[in-house]
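For reference, the structure discussed in these notes is given below.
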Amino acid sequence: MKPIIAIVGRPNVGKSTLFNRLVGRRKAMVDDMPGVTRDRNYAEVNRFDVPFILVDTGGFEPETSDRLLQQMREQSRFAMDEADLILFVMDARGGLTPADRDVVDMLRRINKPVFYIINKVDGEKQEAEAGDFYSLGVDHIHTISAEHNRGVGDLMDEVLAAIPYDREKESDEEITRIAVVGRPNVGKSTLVNRLLGYERVVANPTAGTTRDAVDTRFTVNKKPYLLIDTAGIRRKGKTVQKVEKYSVMDALRSIERADVVLIVLNAEEGVTEQDSKIAGYAYEAGRGCIFVVNKWDTLAKDNSSIAKFTEEIRRNFKYLPFAPILFVSAETGQRTGKIIAEVDQVMEQYCKRVTTGELNRVFTQAVDENHAPLSAGRRVKFYFATQVAVKPPSFVVFTNCPEGIHFSYERYIMNRFREAFGFNGTPLKLIFRGRDKKDA
């Protein structure tokens, strides 16, 4: 396993700026609003051929009555428990605070390497003003400017020398990447916490509580998964604040990174236009899809309730007839145990390969039973089909008229492939191509 490095500290001391500096891309949101990174945010980093997992956290306030800040504090404690090494960040401009002293006292009791860092030291003036921090009595303090990359290289040289890493045990394991998407406050974070078995993501009744797309590795029956709890995707008109805009883009990027997308719907509100747009993002990205109807326990139901809601989903998501539907309650855990099993089945289909012989047997039979319509008065001829890719399964069909295939006939061929080979939960790509002489 890769070693884990956690970045902790009070709100707005520059943790996310340091995180982004080390990751090399803008992964955590950076804004002047305290508490902008509310959850733990993970990234895999490889620095000078030493791989590790870097964890950014929300601000750590030892004493607070604010419920959200209390939750962020608990997330920071979880991160410190998981970590092999801790980077504790303080703010040179804000000076040494009682909260900093409280955290240092707590870190002294942790039997792990801790690096004490004063951030926002942009020059000699700030270096001189940082003298108060040496009263903490720790062995060594590093002064850096994460924003201007001052002192970061020297810091990381020492960090890399201190982290435990056994290259012999490290392997590039296959991992299933799961994105959890949906409108704000449909219960995504509660669902993630239920799947993981502990409070990994801040769950709060306030819509938009999860701002960053947060990655978590976990295993079920020794099988590895990466779970991405995306920020809620709002309608464009509601994406007003700069931070909210970042979150929507982050959620869409999370779909791009995923293998399987859990599209979370709110049973209390039914299917909305925004749900359709979100599902459309996943479909257009070519990802495996599962509908998860959450808050099912809150509805008054009869024997036809599931059938009626299923019909509503199929009517509104006609482009996803292959996506399984699960009715769950993240709050109570009802049926959530079925989700990972369904993910495994969809992933199997998402990676499925069919031999050229099997494929052409089904394809030839389909064409014989239903000939393609004429194209500009020409008869459409098909030569053969072959699978060229997985994730999603993609096929090339060679024909004399690649531009003249009607979309309804394309859908017919894909339906015949599904009837023969399954492909439940995954989109298919079908490409019609003219036959070159070398293909003859």
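Glycine too: its Cβ is placed from the backbone N, Cα and C atoms.
Keep in mind it's a predicted model, so treat the numbers as computed, not measured.
Now, the feature entries from Swiss-Prot:
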type    : residues                  : note
BINDING : 9-16, 56-60, 119-122      : GTP 1 binding site
BINDING : 182-189, 229-233, 294-297 : GTP 2 binding site
DOMAIN  : 3-167                     : domain 'EngA-type G 1'
DOMAIN  : 176-351                   : domain 'EngA-type G 2'
DOMAIN  : 352-436                   : domain 'KH-like'
Notebook entry, point to check: So, by DSSP, how many helix, strand and coil residues make up the domain 'KH-like' (352-436)?
Noted result: 32 helix, 22 strand, 31 coil
Next item on the list: Select the closest residue to Gly182 (GTP 2 binding site) from the following binding-site residues, measuring between CA atoms: Gly9, Asn12, Lys15, Thr57, Val121.
Entry: Thr57
Note to self: Looking at the binding-site residues listed here (Asn185, Lys188, Trp296), whose Cα lies nearest to that of Thr57 (GTP 1 binding site)?
What the structure shows: Lys188
Next item on the list: Restricting to the domain 'EngA-type G 1' (3-167), report the mean pLDDT as a whole number.
Entry: 80
Notebook entry, point to check: If you draw a 10 Å sphere on the Cβ of Val121 (GTP 1 binding site), how many other Cβ atoms land inside?
Noted result: 24
Next item on the list: Please determine which of the binding-site residues listed here (Asn12, Thr57) has the lowest count of neighbouring CB atoms within 10 Å.
Entry: Asn12
Next item on the list: Could you tell me which three-state DSSP class Lys15 (GTP 1 binding site) falls into?
Entry: helix
Notebook entry, point to check: If you draw a 10 Å sphere on the Cβ of Gly9 (GTP 1 binding site), how many other Cβ atoms land inside?
Noted result: 23
Margin query: If I take the alpha carbons of Asn12 (GTP 1 binding site) and Asn185 (GTP 2 binding site), what is the distance between them in whole Å?
Written below: 25
Next item on the list: Identify, in sequence order, the residues in the chain of Trp296 (GTP 2 binding site) that are 6 or more apart from it along the sequence and have a CB within less than 8 Å of its CB; answer 'none' if there are none.
Entry: Ala267, Phe327, Val328, Ser329, Gln334, Arg335
Checklist line | Lys188 (GTP 2 binding site) versus Gly9 (GTP 1 binding site) - Cα distance in angstrom | finding: 27
Check: Secondary structure at Lys188 (GTP 2 binding site) (DSSP, helix/strand/coil)?
Finding: helix
Margin query: Quick check for the class: what is the C-alpha distance, in angstrom and rounded, between Val121 (GTP 1 binding site) and Lys188 (GTP 2 binding site)?
Written below: 39
